[in-house]
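J.: Below is the structure I would like to discuss, written out as structure tokens.
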Amino acid sequence: MYHIWIKFLAAWIFLKKFNGVHVMQAKAPMYRNEPFLVFWNAPTTQCRLRYKVDLDLKTFHIVSNANDSLSGSAVTIFYPNHLGVYPHIDDRGHFFHGIIPQNESLTKHLNKSKSDINRIIPLKAFHGLGVIDWENWRPQWDRNWGSKNVYRNRSIQFARDLHPELSEDKIRRLAKKEYEKAAKSFMRDTLLLAEEMRPDGYWGYYLYSDCQNYDYKTKGDQYTGKCPEIEMSRNDQLLWLWRDSTALFPNVYLEIILRSSDNALKFVHHRLKEAMRIASMAREDYALPVFAYARPFYAYTFEPLTQEDLVTTVGETAAMGAAGIVFWGSMQYASTVDSCQKVKKYMNGPLGRYIVNVTTAAKICSRVLCRKNGRCVRKHSDSNAFLHLFPESFRIMVYANATEKKVIVKGKLELENLIYLRENFMCQCYQGWKGLYCEEYSIKDIRKI
């Protein structure tokens, strides 16, 4: 390592000075010296147990639950019927628990939630991702459009039944006020309960943050991918949620209409950019870790992402400074032995190799640029710089025999590789470290942890 640093220091005189952008400290990674993690959150237990198909997740540096199950010690996802008494209307039109949050007992919900958390996550030292997937309604009145407008209508009727003497205008204002108050209490108190019971977990809501940049279907070549200003403003109003979250879980799912297109990168980039913005404003001591949800196949299909779109999703997420990416999948992945083999083939091909490429490159950059005390982040978020192994310097080798399969990365950084990293990336130091290259130990910052 010493000779690498000598070369690195010698190269400084040829490089531009640091661009002066302040980067908030990050929470230390979930696993030591693993600045970028890839999780598997798909129900593929049947592949292993029923069809005897090993997807080789660990071989390709993927963090998964025991037996590749949907929930476990690495990541647990709570759907509406898994946590408490979540009031909602499901996709089939069935009513649950009073439908709207102001028509259900919060105390009853929290008591049931406590029981559910103890049952689903029995390990008190749980250190994984705790993801609450409540998508039926949004806590902000103005965001309940389309099919979610039913929650506004129900809230108006609820207020009218309680206060028939009020004018229609006052009823609407009261309905909005009471709905948002109750929705906030349900979401906030549920989060705080989970964090109190399993304090070492990374807790947050799936699809928070969002930025509503879905207009690629109508804009075509005019699509910019940028989050509408009104949606960014609405995200600012959710500061109460960001402050009580310990992780953010935006999604970067690609529909097949975006396959290998410029619009795909625009879509993903701006969603991540908004998530990183929110992560930096949530707390004063460190930026929240961001774990982007992605799919290894295009949304609503069983067609694997192209190599270009692996870069668009996994590569972009790592380069933007996220803590990791979570691959979600449906029951289709494990529905038959053929579907399991299809996932395995993709894992042993482009998907697995690219994951090894990015996770290894992120570790190398953290080591040589940030002394393992921070993660590498693009200096300019809109650039096209990626954390990739340099093909002229590294090779990914897969070895397999009758008993095991392993991946080995061979190679070493050359001077020009170091120069590229220094020119295009900067360090986001973990708590307790500061300096341009996270070289300074800070007792003051450690005390905040």
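A Cβ is built for glycine as well, from the same backbone N, Cα and C atoms used for every other residue.
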J.: Between Cys227, Cys427, Cys429, work out which one Swiss-Prot annotates as bonded to Cys370 by a disulfide.
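T.: Record-based pairing for Cys370: Cys427.
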J.: According to DSSP, which kind of secondary structure is Asn401 (N-linked glycosylation site) found in, if we only use helix, strand and coil?
T.: coil
J.: Rounded to an integer, what is the Cα-Cα distance in Å between Asn67 (N-linked glycosylation site) and Cys47 (disulfide bond)?
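T.: So the alpha carbons of Asn67 (N-linked glycosylation site) and Cys47 (disulfide bond) sit roughly 9 Å from each other.
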J.: Suppose you look only at the domain 'EGF-like' (427-438); what would the mean pLDDT be?
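T.: Average per-residue pLDDT within the domain 'EGF-like' (427-438): 96.
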J.: Sort the recorded positions Asn111, Cys211, Cys227, Cys370, Cys438 by C-alpha distance from Glu135 (active site, proton donor) and give me just the closest.
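T.: Closest candidate to Glu135 (active site, proton donor), judged by Cα separation, is Cys211.
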J.: For each of Asn103, Asn111, Asn357, Asn401, count the other CB atoms within 10 A of its CB; which of these glycosylation sites has the top count?
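T.: Its Cβ has the most other Cβ atoms within 10 Å: Asn357.
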J.: How long is the line from the C-alpha of Asn153 (N-linked glycosylation site) to the C-alpha of Asn103 (N-linked glycosylation site), rounded to the nearest angstrom?
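T.: With the alpha carbons as reference points, the distance is 13 Å.
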